[in-house]
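One structure is given here, and the rest of the page talks about it.
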Amino acid sequence: MNTQTNFDMVLFGATGDLAMRKLLPCLYQAHVAGLLHPEGRILGVSRSELDGAGFLAKVESNAKIHIKQNFSDSQWASFIKRIDYLTVDVTRAEHFEALGEKVKARRQTENVVVYLSTAPKFFAQACENLAKVGLNADNVRVVLEKPLGTDLQSSQQINTDVAKYFKEEQIYRIDHYLGKESLQNLLALRFANIMFEPLWNNKYIASVQLTIAEQLGVEERGEFYDITGALRDMVQNHLMQMLCMTAMERPASLDADAVRDEKVKVIKSLKPLTVESVNENVIRGQYTAAEGMNGYLQETDVPAGSFTETYVAIKAEIENERWAGVPFYLRTGKRMAGKVAEIVLNFRDLDSHIFDGSQTAPNRLVIELQPSESVRLYTQVKTPGAGNNVEPTALSVDMGKEIPGRRQEAYERLLLDVINGKLALFNRRDELEAAWEYVMPILENWAENTQAPHGYPAHSWGPEAARELLARDGNRWHEEQ
Ligand code: NAP
């Protein structure tokens, strides 16, 4: 893909962690790969009173260190020529006048991207002030960082506020999981091959597991994490997107709305949870001290006795023809035994066996999104020698090795898509709100529930209760299979 669309990117929160660690390094990679229009400009914006040179000094010290590949002094020198800076306090309408002037002064600009990498509490005011200076015209796109709200109501409020000034097709709601090559590859696996789709249903699949496990703990981010928790941080957005991509019907095309229509249908087909059914189907966990590591409650800035979950497991059901009766187990956690994001499809067993049964195990397809990008299909092969034994063996493809080539980081892909006006990998309002609607009974149950989260030792695979959640259906988590 070669993008040569001219652009002005107004980067709010330019002095912040996300801009320095991800956004600017990803724009640098796009620059080196020749994917940015030569005239494309990046205008850093934040509250700090800096001039262009002062901001560049920050970029030198805070962003450059995050460029892990393709660095050269000459490329860096040409990249930073794109960068300028303006002090704009979101809460001060008068600051936007200079911003409007600066952007409009560039007559050749084809489109303007306003990236709001700031706290969501600023979104409404930023959009209102942008509109006052005409920076909501049809050639302007606005990117909203997560979290988009903390519950259904606050999410609806943000969406309603932003919609006063921007049309839906101008709004790019980021979920960086959607920018991951491996998640997009899932659609190719399903819809560009003949052999998977016919089996991709309740006739052949017994259960599905979706996992995002982190080994890191909360560490210094206790203050942020304690008011967020794993459900808001990972389930409502990333796990829900993985679920949609796994379970959706084939879209009519890869056009943004065709894909997003199918994803919304999945979320709306989920069997709604109730405050009562949460007790049966959702496990709230919290890591405890082990192997010399702190438990969650010992982490810096975590309030004593906090019930905030660092682990969630959910048994979800999709009430449509394709998936009726197939449990979808979703889980995410911090301080787990491994760092992995994967989708596991457990196929049904054969009706009868002619090979020696004690060693037969149903087929299993494992799609690993990270750390490696791979697909493993566990099949039965005959054990060499006399006898009729079979044993599970993985047919395995490691995309990184088999299909060499530069892998774009999720944020690079997404930034380029915004510049090029491609909405497919961004959340639509109805999709996001449907996901909030699904998790709301969990939040409501937990707000009332006086039972402490289930403990699990740091660097384990989660609480015993999550094991029981699957055992009840005769199932086991992937690492135990
Ligand atoms: P951060 O490090 O705290 O930076 C916040 C930025 O907002 C700074 O540039 C700050 O400017 C600016 N800002 C604060 N008040 C402002 C105001 N009144 N007017 C204009 N600018 C203002 O935050 P961050 O980690 O970069 O995160 C930014 C957003 O992305 C947040 O919504 C966060 O939840 C989301 N996010 C972050 C990450 C991540 O890895 N960091 C990942 C996913 C999502 P000054 O420094 O000049 O005050």
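Backbone N, Cα and C define each Cβ position, glycine as well.
Checking the candidates Asp151, Asp233, Asp301, Asp356 against TrEMBL: the one annotated together with His176, Lys180, Glu214, Lys334, Lys339 at the substrate site is Asp233. Taking the Cβ of Asp89 (NADP(+) binding site) as centre and 10 Å as the limit, one finds 17 other Cβ atoms among all the protein chains shown. Not one of the recorded positions Glu214, Asp233, His238, Lys334 has a CB under 6 Å from ligand 1.
Other Cβ atoms within 10 Å of the Cβ of His176 (substrate binding site) number 19 in total over all chains.
Highest local Cβ density among the recorded positions Arg47, His238 belongs to His238, counted as other Cβ atoms within 10 Å over all protein chains shown.
Annotation: no recorded positions among Lys180, His238, Lys339 have CA atoms within 10 angstroms of the CA of Lys146 (NADP(+) binding site). All protein chains included, Lys146 (NADP(+) binding site) registers 17 other Cβ atoms within 10 Å of its own Cβ.
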